[in-house]
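Take a look at the structure set out below.
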Amino acid sequence: MQIRLTVLRPRSGPAAPGSIGSATDVLVTAPAGTVLGAVATALAGAVGVRGARSATHVHLYDGERRLDEQTPLGHPPLVDGAVLALGEPDPGSGGADEPATAELRVVGGPDAGGVHRLHGELIRIGRSTEADVPLDDPDVSRLHLSLRLAADGRATVRDLGSTNGTRLDEDWLPEDGADIAPGTLLRIGESTLQLARAEGIAARPTTPDGEGRIRLAPRTGARTSPGRPAAPPGPPEAEPAPAAGRGSRWLRRGRAEPAAADPGRRHDAARLRQAANQRERWPDPAALLLTALGTGPRLWERGPDHPDALTLRLGTADLPGGPGAAPGSPLPAVPVTVDLQTAGSLGLAGPRHRLTGLARAALAQLAALHPPSGLALVVVSADRPAGDWAWAQWLPHLRPAHGQACRLLYGLGPEQAEARLTELAAATAGPPATVVLVDGDPGTDAGRHALGLLLRQGPAAGVFALCLAEAPEELPTGLGAVGTVTGEVSTRLTLDRPANGTRERLTDVALDAVSPAWAERLARTLAPLAESDAQAPPRGPLPDALRLLDLLRAESLSPARLAEGWQSLPAGAGGATALLGTARAADGEEDCTVDLAEDGDHLLIGGGPGSGKSELLRSLAASLAVAERPDRLALLMVDGDRAEDGGLSGCTDLPHVTGHVNAAEDPRGALLAAERLSDELAHREALFDGLTFTEWHTRRALALDKTPALVGGPAAADAPAQARVIEPRRAPDAPPADAAPPRLVVLVDDYDALLGPASPGGRPLARALASVAVHGARLGVHVVAATGSPESTAGTEVDEAAQLRIALRTEQPGDSDLLVHLPDAAALPGTTPGRGYLRRADGAVTAFQGARVSGRIPRTATLRPTVVAQRLEDHGAAPSPRPVRELGNGPTDLALLASALRRATES
């Protein structure tokens, strides 16, 4: 398992030279069941603390609670996003919350999101640090308001002589104060506060998985309002329940009065009810934080089909009401939103300190309301401080799930920014949706071009941009909606957005912004959470590397087991099923296989340099050989160009291989191979006399009334140097004359090189392969060709006949499109050779990781836990390829497998 957490260095104490600061993010890799004591010393070392000789000398705290060294990793509190203090309690944890009967929530404004448990009788609210509830709002006085809680639960508020006054809902607070009830809106400066009862919400059950994640139970039943009881039933004209908010006149009287018969009272009741419903529909930052902390029913409620999916709340304003409200009477402090699916993109401009707070609130609500399976978040910041977005690293929505070349979906710096934007520009429609935050200029011409493509074409593919700039003129053109921070102290927002088929401009919006500390708390709360297995489609990345022998299961690869498997095959024509690697499936991962006899007659593989084409061909040949015995399947190897890694020559030890030729090194051998291949097609055409390969073998098996005898093969060393192309190898005493022709698979590497003018021996061979592509399938002859230049091979007979197609990493999106009709392979990372897309005859495309067979036996992996410090700037970089740890110069997996196959043939 792997767990990402943060370690705080003590404020004093021994530190090693080069200590990396007071807080260090680390990646802990350990087997399941590892305890804290096994990594305690390494955690201390990660923050530069030295001197502890054993785990019992290292004290680690979760907040104020010291953790026992036997605390298991992967279980709360040692899960993703945890913060551990070394040597002393965390001074910033604030301790455990004492019981409280009420809480004050900051539901809107420039310092939104706070949830303050109220203790004591008198609570002072203001901009000063001396206030019990401090607010970062320039329009709030230093000590603006006091709130007194009585023993019987009554609450009274009094203005403390503030400059801008205080409103309760819509009315100004009298000089002598007023009693308020839960649900009342306190409007001071540009901030909106709400008094609420300190009661828990209906949390969804959770279950730790023991590997750093906490899984949510499946969503059941209708959700309830977060942190607020439902209104009691009543006629439509009744006033809203106390929790829904009400005017200060009613609050001062302290009791509810039935709605009068006059239209004015009915209009007021409808207006307040509409306002409360809109605030409920688009929750404020405080409600989102409580939902995350309590895993409430609204957590990740917005799937792709939710009516408010990808709708952002940016602030509040007094807006016109709907039916039932009096004309000209606005709804007070209701959310102002932008639907990204309608707008396509959103630009925000303004002073940086307020702009980043507004953007934090936008990203946070997307992460809290949308599950990671339905929404990916990408952060691109090429020329702005990376630390502004450090908090986002804990959001599970930033974990790459589709082969992106990064650890997290960050683009920090011009190079990373270009990589992320290019990946997104090549994306095609399909879940999950993606929102990419682009902070400032992308940094390179290629990045700007990719961003322009995203703004024009991204929404159709489910990719939506949120662009930030410090001035409106610095925003990119073509944005669907634009918000500009305004006001003397940058707390207002002017918004231009699409509405009902036209444009709408709002000029007096009180923006919602959140602090970095608030955003980090929310992100760390979400970090360990995971959807239930029943709800979440698999989003985990494919493995970086696979060993074919592991997929084939080593216990079944002994000569005896191989021979048993061959003997159990049914009579008739031989098969041609190849195991390519691993693909994603509904329940995790599954083997990725192709059957040339059933799924498609021929296979074309394309990819750029280093994409793993040759290795995939070798693995395909090896898996074909395991699945079928040598007298029923023959393999012919053709290399179109010189290869430093030997090309397909390493496969000649397989007993199924009838020959190997390199057209670049042996033009005469290539010509001979072309002649024999053409002769073989002619021979089969005459032998089958109008029947297909399968029909002829079925008729022959019935005539013989028995399975054809198993025919062995000589050692590869005994094969003549001259290419033997068609005849399957046989034991010296086997009569070749009446042996049934096997299914023949011609594997061709660098097929594009055969077509070039520099390959005189390749052109005749290419013509012979064209004949195989056109006529070979019904005669039991198949082509599996790999090309490094899909453009040069497009339109050839092999290209046209290949119903099975694979795109490994390509250099251009157009090459990928030629292969699998999707541009996605151009965005595959260069660090995972063998990663690609398989397109089947029915058009279905599957992402897979190809298995390797040319490596040597891996060393036994260590089970020792490791702790590695991480830097924010490295998250968006392509992971360094990890060297494969192999045993010296011993035999490769391919050699071991070939040896077992030969012994199975001879047994």
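Glycine residues also receive a Cβ, built from the backbone N, Cα and C atoms like all the rest.
In TrEMBL, annotation is done automatically, which means it is predicted and not curated.
Within the model, the domain 'FHA' (123-173) carries an average pLDDT of 93. The feature domain 'FHA' is assigned by TrEMBL to 123-173.
Among the features that TrEMBL reports, region 'Disordered' is placed at 200-280.
Feature annotation from TrEMBL assigns compositional bias 'Pro residues' to 229-239.
The domain 'FtsK' annotation in TrEMBL covers 589-817.
Here TrEMBL flags Gly607, Gly608, Pro609, Gly610, Ser611, Gly612, Lys613, Ser614 as ATP binding site. Secondary structure at Ser611 (ATP binding site), as computed by DSSP, is coil. When Cβ atoms from all protein chains are considered, those within 10 Å of Ser611 (ATP binding site) total 27, not counting its own.
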Other residues, Cβ within 8 Å of Gly607, Gly608, Pro609, Gly610, Ser611, Gly612, Lys613, Ser614 Cβ centroid (ATP site): Gly788, Leu808, Arg809, Pro833
Other CB atoms, at most 10 A from the CB of Gly612 (ATP binding site): 23
Cβ atoms near Gly608 (ATP binding site) (within 10 Å, other residues, all chains): 20
Counts of helix, strand and coil residues, the domain 'FHA' (123-173), according to DSSP: 0 helix, 21 strand, 30 coil
Cβ neighbours of Gly607 (ATP binding site) where a neighbour is any other Cβ within 10 Å: 29
